[in-house]
Structure formats: structure tokens, C-alpha cells
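Down below is the structure, laid out as C-alpha cells.
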Amino acid sequence: MQQDPGVPMPYPQYGYPQPNVPTHPDPSMYMAGPQAGVYNPSTQAPMSPNYYPQQGMPFMPMGGSNEQNNFSMPTQFLQNPVMANMAMQYGQSLMGQGKEALDRELNKYVSTSRIKYYFSVDTAYVAKKLALLVFPFTHRDWSVKYNPDEPVQPRYELNAPDLYIPAMAFVTYLLIGGVSLGIQERFSPEGLGIQASTALIWALLEVLVIWVTLYVMNIQTKLTSFDILAFSSYKYVGMIVAVVASFIMPSAYHLALIYVSAATMFFLIRSLKVQILPESARDAYGENNASFSGEGSKRRTYLLLFMGGLQPLMMWWLTRQLARP
């Protein structure tokens with residue numbers, strides 16, 4: 001039985017309809033040569049042999065090549081709600097495991113709970129502490145309240161050391177330094193990087209020198225390395241004030257530097273006096289402890305004066321190139 005020419009027949013090899021080709025087409029519709037044998041029923045014109053897939057070649061949909069379809073597979077995978085939820089849960093699990101591993105490694109060297117104590121501040125504490133750093137001469141009570149287990153958090157005690165203000169002051173000092181160099185037309189990314197690395201190295205070196213001095217002079221104190229870092233980094237607040245004063249009036253830099261240096265030195269000596277020369281420490285370490293004898297008391301006094309006198313020198317050294325001439 002002859003098939004109606006208007007009804008398409010499927011290709012048995014590929015499973016898609018056969019084009020509507022007349023039973024006896026005009027031989028003139030075919031091309032001679034290597035492209036002969038292919039018929040275009042829609043345009044009644046010869047076509048390339050690649051129009052239909054050759055036997056043995058992979059089938060490629062008309063929508064694009066295999067590479068384009070491979071690129072669309074991840075998108076289709078993520079559009080599946082079940083697979084997307086599984087991927088999200090797996091990623092959260094990996095993040096949680098990484099955080100736990102990082103916390104374990106950090107706790108071997110530094111207690112994260114101890115670091116959180118130094119950043120436990122609020123807006124009222126920051127405002128009062130900044131005012132105390134700039135105007136410390138009227139402050140009367142410099143004692144630090146202690147709990148039986150650990151010191152109170154800084155937000156509950158104005159005289160307690162914190163690392164929030166030093167960290168923010170250090171970043172602000174770098175930004176103000178960049179503005180100052182820009183006003184002087186001396187700004188460059190390399191110069192700002194040198195400024196940041198220099199200030200960081202001097203800060204760490206200052207803490208190291210003080211810590212080694214405490215050890216060599218055999219001075220027992222409750223100060224930790226973070227306490228020393230906090231107290232020695234409060235000077236960045238005064239440095240910012242001095243540099244900003246030079247923006248308003250270049251000649252005001254030296255006057256502002258003298259005042260903030262005196263204020264920082266006064267604040268540091270009065271704050272550390274409670275830590276280095278506490279009256280209650282005699283009960284903790286013993287009345288006959290050598291560090292509380294005549295020579296020990298002198299060593300503590302010398303250390304206190306050394307730490308206080310070091311601040312003006314460091315403040316001048318780190319701001320001398322930032323002030324407007």
C-alpha cells in the first residue's frame with residue numbers, strides 16, 4: 001500500500017518525522033557534485049548534506065550544541081528545589097565544620113572568650129571613654145572593679161581596658177593619614193600601605209618591649225598582653241586629634257600634639273598605677289615579696305614612667321609626616 005506523500009513517516013534510526021518529500025521529485029532540484037542527494041522540500045532548493053544527521057553520528061537537538069546543553073545542566077540542577085536544598089544544607093554543614101576547626105586551633109593559642117571580653121562595649125561606654133582619653137585631668141576614681149572569677153566587662157566599668165576603641169582608632173588614623181597625604185598631593189596606595197605596616201610594627205614592638213621588661217625586672221602584675229596592647233594603643237585617639245587640628249590650622253599641630261601627649265601620658269600613668277602599684281597586690285603576692293620591697297617598688301615606678309614617657313615620642317614619630325606643613 002502506497003503511503004500518502006502528505007503524511008510524514010518516522011526515521012527508524014532517529015525517531016523523528018521524515019520531511020514531506022514528493023514521491024517523484026524533479027531531478028533538476030538536486031545538485032550535482034559532493035552535495036548531491038539532499039532535498040529541501042520547503043524552499044524547493046538543494047541543501048547541505050549536514051541538514052540531516054549522518055548514520056553513526058550523535059543526535060544534536062536544534063536548540064544548540066552539546067557544549068551549550070552541558071552549560072545549562074547546572075542551572076537545571078539548581079532549579080530543582082530538592083537538589084538546591086540539599087546543596088545548601090551541605091554547604092552550611094561544611095561552613096560549620098570549618099568554623100569549629102578554626103575555633104579549636106585558635107583556642108590552642110588564644111582564648112576567644114577572652115578576646116570577646118575586650119570588645120564587650122556599648123555606645124555610652126565609647127562616648128565616656130573617648131571623653132576620658134581627651135580630658136583625663138578631672139577624673140578621680142581610677143580603680144577597676146573585679147568579680148571573684150574575672151574582671152567586669154568594659155561596658156560596665158569605665159576604667160577597664162578594651163580593644164574596640166584602639167582598633168577603631170587605628171583604622172581611623174590610617175584613613176586620616178590618607179586624607180592628609182591627599183591634601184598634600186603625596187598620596188599613593190603604596191605610601192598608605194607603608195604607613196599601616198609601620199604603625200602595626202611599632203605597636204607590636206612596643207608591647208613586646210614592655211612585656212620583656214616586666215619579665216626581666218621580675219615584676220608581678222595582673223596585666224596581660226591584651227591589657228598592655230589596649231593601654232598602649234589609646235594614643236591613636238590623641239594622634240587623630242593632632243592631625244585633624246593641622247587640617248584646621250597647620251600651626252596648631254604642635255600645640256595639639258603637646259596637649260594630647262600630656263593627656264595620654266597622664267591617663268596611662270594613672271590607669272597603670274592601679275595595675276602595677278596596687279595596694280591590694282601585697283595580699284595577693286605576699287608582704288615580703290621582693291617586687292614590693294624598696295628596690296621592687298622603684299623598678300615598678302621606673303617601668304610606669306617608661307611606659308608613660310614612651311607615648312609622646314611614639315605619637316610624634318607616627319604623625320610627623322601626616323601633619324600639614
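Backbone N, Cα and C define each Cβ position, glycine as well.
According to TrEMBL, the transmembrane segment annotation covers 163-183 (among others).
The transmembrane segment annotation in TrEMBL covers 195-216 (among others). Long-range Cβ contacts of the transmembrane segment (195-216) within its own chain (Cβ-Cβ under 8 Å, at least 6 residues beyond either end) map to 170, 173-174, 177-178, 223, 225, 228-229, 232-233, 303, 306-307, 310, 314, 317-318, 322.
If you look up TrEMBL, you'll see 228-249 (among others) marked as transmembrane segment.
Sequence-distant neighbours of the transmembrane segment (301-319) (same chain, 6+ residues past either end, Cβ-Cβ under 8 Å): 173, 198-199, 202, 206, 210, 213-214, 217, 219, 231-232, 235, 238-239, 242-243, 253, 257, 260-262, 264-266, 268-269, 272-273, 276-277. Among the features that TrEMBL reports, transmembrane segment is placed at 301-319 (among others).
Counting only same-chain residues 6+ beyond the ends of the transmembrane segment (163-183), those with a CB under 8 A from a CB of the stretch are 115, 118-119, 121, 126, 129-130, 133, 154, 191-192, 195-196, 199, 203, 226, 229-230, 233-234, 236-237, 239-240, 243-244, 246-247, 318, 322-324.
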